[in-house]
Amino acid sequence: MDNKKRLAYAIIQFLHDQLRHGGLSSDAQESLEVAIQCLETAFGVTVEDSDLALPQTLPEIFEAAATGKEMPQDLRSPARTPPSEEDSAEAERLKTEGNEQMKVENFEAAVHFYGKAIELNPANAVYFCNRAAAYSKLGNYAGAVQDCERAICIDPAYSKAYGRMGLALSSLNKHVEAVAYYKKALELDPDNETYKSNLKIAELKLREAPSPTGGVGSFDIAGLLNNPGFMSMASNLMNNPQIQQLMSGMISGGNNPLGTPGTSPSQNDLASLIQAGQQFAQQMQQQNPELIEQLRSQIRSRTPSASNDDQQE
């Protein structure tokens, strides 16, 4: 494989990591994004080309060179020296213990056991992916991203690593990148309903643009008021004689022009208001279903689901 492409990929991967965790100013981040685009165009690679990844990251390679350490063999060849049978068995035992700690929500202990398993067998993508899940439960999304990256480097066809990467990136409000990883997860596991759902949510987040006049949840009040269908129906509602009588009675302090014998004014007011609201909602649903769906989307609290990703391997 072309080592120039490997080097370009390593640099792009490093720059992406700096964007996420480097604590850079907005100007510096913009400069890095431009640099990434230039490198991707010049060498024909992207951060998704995980088959170009080396076992060590660029900072690890640089550190080894700066300290005079011998270049690890696995940087010259993807082949790794497999762990002994004893180490493999102990690593599996530690992983299982980590899984048990996840079940009882002892996430810090789970991180510890997965880390010990990684020390014995650093070529196992599952161990990194499981630790990423534990990091996410602790709110350490940056750590989860790094472990998912390592898992993907080890096994580029590991769908769960892409799915968990998407979750971590979503939690960091990196929805553009989250969408890319969810799509890759679905490409590898097309029947996974959780990936499908999370992809839709991430794409929705991308489409949601805050409005300068928005209220709670960045709802676009200006857009609603500029919607001719909405304004026409609202005008018809307010010109309804029954509604005008109702509002007049409520404003006058409880005088109930719609009242009937034996029924309190408040009951009539409430019933009339509910009826009018139902009629208005039905008209909106029939004439502008897209607007109704927008309203529902704003009201719902929608966050990515980790349902099947909670299951450790």
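Any Cβ shown, glycine's included, is placed from N, Cα and C.
What Swiss-Prot lists as region 'Disordered' is 66-100 (among others).
The phosphoserine annotation in Swiss-Prot covers Ser77 (among others).
Summarising the annotation, Swiss-Prot assigns phosphothreonine to Thr81 (among others) and lists a large-scale study or a structure entry as the type of evidence. Cβ-based neighbour count (10 Å, all protein chains) for Thr81 (phosphothreonine) stands at 8.
The phosphoserine annotation in Swiss-Prot covers Ser84 (among others) and rests on similarity to another entry. A coil conformation is recorded for Ser84 (phosphoserine) in the three-state DSSP classification, outside any helix or strand.
Note on the compositional bias 'Basic and acidic residues' (90-100): residues 83, 109-114, 116-118, 120-121, 124, 126-127, 130-131, 134, 312 of its chain, located 6 or more positions outside it, place their CB under 8 angstroms from a CB of the stretch. The compositional bias 'Basic and acidic residues' annotation in Swiss-Prot covers 90-100.
What Swiss-Prot lists as repeat 'TPR 1' is 91-124.
What Swiss-Prot lists as repeat 'TPR 2' is 125-158. Distant neighbours of the repeat 'TPR 2' (125-158): 13, 17, 20-21, 50-51, 53-55, 91, 95, 98-99, 102, 105, 107-108, 110-111, 114-115, 117-118, 164-165, 167-169, 171-172, 188, 306, 309-310, 312-313; these residues of the same chain sit at least 6 beyond its ends, with a Cβ under 8 Å from one of its Cβ atoms.
Swiss-Prot lists Lys137 with the feature N6-acetyllysine, giving a large-scale study or a structure entry as the kind of evidence. Sequence-distant contacts of Lys137 (N6-acetyllysine), defined as residues of its own chain at least six apart whose C-beta falls under 8 angstroms from its C-beta, comprise Met102, Glu105, Phe107.
Below 8 angstroms of C-beta separation, residues 20, 48, 125, 128-129, 132-133, 135-136, 141-142, 144-145, 148-149, 151-152, 198-199, 201-203, 205-206, 303-304, 306, 308-309, 313 of the same chain, each at least six residues beyond the ends of the repeat 'TPR 3' (159-192), sit close to that stretch. Positions annotated as repeat 'TPR 3' by Swiss-Prot: 159-192.
Marked as region 'Disordered' by Swiss-Prot: 250-269 (among others).
Residues or ranges marked as phosphoserine in Swiss-Prot: Ser301 (among others).
According to Swiss-Prot, the phosphothreonine annotation covers Thr303 (among others).
Under the heading phosphoserine, Swiss-Prot lists Ser305 (among others).
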For the repeat 'TPR 3' (159-192), residues assigned helix / strand / coil by DSSP: 27 helix, 0 strand, 7 coil
The compositional bias 'Basic and acidic residues' (90-100): DSSP-derived helix, strand, coil residue counts: 11 helix, 0 strand, 0 coil
Counts of helix, strand and coil residues, the repeat 'TPR 2' (125-158), according to DSSP: 27 helix, 0 strand, 7 coil
Surrounding CB atoms that lie within 10 Å of the CB of Ser84 (phosphoserine), all protein chains: 11
